[in-house]
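*Asks:* Quick paste of what Swiss-Prot says about this protein:
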DISULFID  CYS90-CYS173  disulfide bond
CARBOHYD  ASN4  N-linked glycosylation site
CARBOHYD  ASN169  N-linked glycosylation site
TOPO_DOM  1-16  topological domain 'Extracellular'
TOPO_DOM  39-54  topological domain 'Cytoplasmic'
TOPO_DOM  75-91  topological domain 'Extracellular'
TOPO_DOM  114-133  topological domain 'Cytoplasmic'
TOPO_DOM  156-184  topological domain 'Extracellular'
TOPO_DOM  206-233  topological domain 'Cytoplasmic'
TOPO_DOM  255-276  topological domain 'Extracellular'
TOPO_DOM  297-342  topological domain 'Cytoplasmic'
TRANSMEM  17-38  transmembrane segment
TRANSMEM  55-74  transmembrane segment
TRANSMEM  92-113  transmembrane segment
TRANSMEM  134-155  transmembrane segment
TRANSMEM  185-205  transmembrane segment
TRANSMEM  234-254  transmembrane segment
TRANSMEM  277-296  transmembrane segment
Amino acid sequence: MEPNNSFRVDSEFRYTLFPIFYSIVFVLGVIANSYVLWVFARLYPSKKFNEIKIFMVNLTMADLLFLVTLPLWIVYYYNQGDWILPKFLCNLAGCFFFINTYCSVAFLAVITYNRFQAVTRPIKTAQATTRKRGFLLSLIIWVSIVGAASYFFVLDSTNSEPKKTGSGNITRCFEHYEKGSIPVLIIHIFLVFSFFLVFLIILFCNLVIIRTLLTQQVQMQRNAEVKRRALWMVCTVLAVFVICFVPHHLVQLPWTLAELGFQDTDFHQGINDAHQVTLCLLSTNCVLDPIIYCFLTKKFRKHLTEKLYSMRESRKCSRATSETGTEVVVQLKDAPIKSLKY
């Protein structure tokens with residue numbers, strides 16, 4: 001394939017979409033993930049962390065790494081795609097974006113496999129000492145992905161482009177590919193195919209879990225509740241993948257080909273527009289991941305339910321107090337003066 005020399009396309013709607021969308025994700029994500037860490041620190045001593053809880057904490061940390069860089073991207077898109085911050089922050093933002101994306105995929109994969117083992121081999125899983133394995137797998141995931149992400153620290157991440165007005169230049173952040181670069185294409189092919197391999201494994205494990213749970217005989221109400229939660233957990237994990245990760249990786253390879261100049265201009269514009277939307281969807285995993293924890297741990301779910309109930313009762317009390325106070329004021333106002341004794 002020979003690259004063409006099409007002009008640089010842009011999707012200008014992103015300069016409105018990203019600041020608004022990322023601001024919402026930032027607020028909700030920081031609140032949700034900080035609360036998750038607080039609950040885990042309060043409810044679970046470190047010695048009682050089993051494999052699944054270790055994976056959950058690591059997934060939360062990966063989400064927070066991305067969330068702390070969202071203000072940088074908000075400033076970038078608010079300034080019409082002009083990186084006005086120090087260059088190293090562009091490298092840092094790109095690095096954390098990569099870490100969050102693939103650490104999230106990896107930890108969701110090992111969480112799914114853990115649940116797969118618990119359903120298909122419950123006795124063996126219950127007897128296994130999995131705490132060390134949890135730490136070891138987490139270490140392998142972090143070292144592998146952070147090692148791969150270190151590429152973004154040495155990469156020349158910014159480039160200058162003339163403004164559309166014709167006066168001066170703007171600085172882009174991770175928006176430049178050398179036309180016809182085969183190494184860049186190979187890297188993206190590897191990432192996309194690796195993702196879909198992991199996704200197929202996760203899909204297989206979840207389908208086996210669903211089938212096993214649906215074919216089991218439920219003899220007790222408590223077991224029925226456990227089964228229902230397990231099914232919801234499976235559906236939530238699949239939903240996170242389908243909503244957040246699959247659209248981005250479906251678009252990523254065609255978009256890369258267009259960026260490298262192997263597609264015509266009309267296709268490039270359309271796929272670039274789609275790519276911006278999938279980037280928004282990708283960021284929502286930071287908000288959706290904490291939902292999975294509600295179905296994975298009994299203590300977490302109980303603590304959250306108690307807090308929500310307490311807040312609801314507090315509002316009822318406040319409203320009742322307010323209404324009682326109003327009634328007293330009305331009664332005093334209507335009472336004869338002589339009946340008021342001091």
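Just so you know, glycine gets a Cβ as well, placed from its N, Cα and C.
Fair warning: this is a prediction, and the values are worked out from it, not measured in the lab.
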*Asks:* For CYS90 (disulfide bond), just count the other CB atoms lying within 10 A of its CB, please.
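*Replies:* Its Cβ has 23 other Cβ atoms within 10 Å.
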*Asks:* Could you give me the DSSP helix, strand and coil counts for the topological domain 'Extracellular' (156-184)?
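*Replies:* For the topological domain 'Extracellular' (156-184), the helix, strand and coil counts are 3 helix, 10 strand, 16 coil.
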*Asks:* Going through 55-74, 92-113, 185-205, 234-254, 277-296 one by one, which has the most CB pairs that fall under 8 Å from the transmembrane segment (134-155)?
*Replies:* 92-113
*Asks:* What same-chain residues lie close to the transmembrane segment (277-296): Cβ under 8 Å, and 6 or more beyond its ends?
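*Replies:* Apart from its flanks, the transmembrane segment (277-296) reaches 17-18, 21-22, 25, 28-29, 32-33, 35-36, 52, 56, 59-60, 63, 66-67, 70, 100-101, 104, 108, 111, 229-230, 232-233, 236-237, 239-240, 243-245, 247-248, 250-252, 304.
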*Asks:* Determine the Cβ neighbour count for CYS173 (disulfide bond): the number of other Cβ atoms within 10 Å of its Cβ.
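*Replies:* CYS173 (disulfide bond) is surrounded by 21 other Cβ atoms within 10 Å.
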*Asks:* Who are the chain neighbours of the transmembrane segment (17-38) in space, where the CB to CB distance is under 8 Å and they lie at least 6 residues beyond its ends?
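*Replies:* Residues 56-57, 60, 63-64, 67, 70-71, 73-74, 77-78, 276, 279-280, 283-284, 286-287, 289-290, 293, 300.
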*Asks:* Counting every protein chain present, what is the number of Cβ atoms, excluding its own, within 10 Å of the Cβ of ASN169 (N-linked glycosylation site)?
*Replies:* 11
*Asks:* At the Cα level, what's the spacing in Å between ASN169 (N-linked glycosylation site) and CYS90 (disulfide bond), rounded?
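*Replies:* Cα-Cα distance, ASN169 (N-linked glycosylation site) to CYS90 (disulfide bond): 17 Å.
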*Asks:* Excluding the flanking five residues on each side, which residues at least 6 beyond the ends of the topological domain 'Extracellular' (156-184) place their CB within less than 8 Å of a CB in that stretch?
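*Replies:* Sequence-distant neighbours of the topological domain 'Extracellular' (156-184): 2-3, 5, 8, 76, 80-84, 87, 90-91, 93-94, 256, 259-262.
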*Asks:* What same-chain residues lie close to the transmembrane segment (55-74): Cβ under 8 Å, and 6 or more beyond its ends?
*Replies:* 18-19, 22-23, 25-26, 29-30, 33-34, 36-37, 40, 49, 85, 89-90, 92-93, 96-97, 99-101, 103-104, 107-108, 110-111, 114, 134, 137-138, 141-142, 283, 285-286, 289-290, 292-293, 296-297
*Asks:* Over the span of the topological domain 'Extracellular' (75-91), how high is the average pLDDT in this prediction?
*Replies:* 94
*Asks:* Could you give me three numbers for the topological domain 'Extracellular' (255-276), the DSSP helix, strand and coil residue counts?
*Replies:* 17 helix, 0 strand, 5 coil
